[in-house]
Amino acid sequence: MAESEEYARVISFNNDHDELIIYQETVTDVGGVIWDSALMTIHYFFKYPKPFEGKKVLELGSGTGVGGIALAALGADVIITDLPERLALIEKNVEANRKLTGNRIKVQVLDWTKDRIPEGLDMVLAIDCVYYNSTIDPLITLLNDCDAKEIMVVSEERDIGEAHLAQKSFFKDIQKFFRLELIPQKELDEDYCADDIIIGKLIRNV
């Protein structure tokens, strides 16, 4: 793989909120760029900013950190997590947005195969976390074992390859423990919505 360089993307919103600055990698795996699913999610957050003030949130498999950074900019206390090789980019992006987020972000490793989500969270956020079959069971176990008040999952439909099969398996197997409640498209930002991207909440089965 060629050596990667970084470039900044400025994300603006349709209101009075400040812009986010997010660095991406020119050569990367799935974690080094901002996917459309992440853009759709953060514009949804910024459309309804008040509910996030003071909330305790953890983002799984954050990649660039954009989801957690957006929530911290809206007043949430956020733990942004990923594997060790992804933390440098996340930390760079956290620092680039420090004036908006203050000290409301912690960045740390969370290995789905051996770590657990901390107790007492208001929300767990997972944006496009399902790409590989090997991660499905650990992710489902991780989510089922956590006591967060809300679990939000975002997924852009993949139509080929391992990512397609992994998504199908995840949403089938997660039904053992949760049902998926979709956010209606009318509630999303009208400029940032797509039929092949879902934003939903996992509601625990009773």
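The backbone N, Cα and C atoms fix where each Cβ goes, and this holds for glycine too.
The feature S-adenosyl-L-methionine binding site is assigned by Swiss-Prot to Trp35, Gly61, Ser62, Gly63, Asp82, Trp112.
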Top of the binding-site residues Gly61, Ser62, Asp82 by count of other CB atoms within 10 A is Ser62
Here the binding-site residues are Trp35, Trp112; the one whose Cβ sees the most other Cβ atoms within 10 Å is Trp112
Residues near Gly63 (S-adenosyl-L-methionine binding site) by Cβ (under 8 Å) yet at least 6 apart in sequence within the same chain, in sequence order, are Val30, Gly31, Gly32, Val33, Trp35, Ala38, Asp82, Arg86, Leu89, Ile90, Ile127
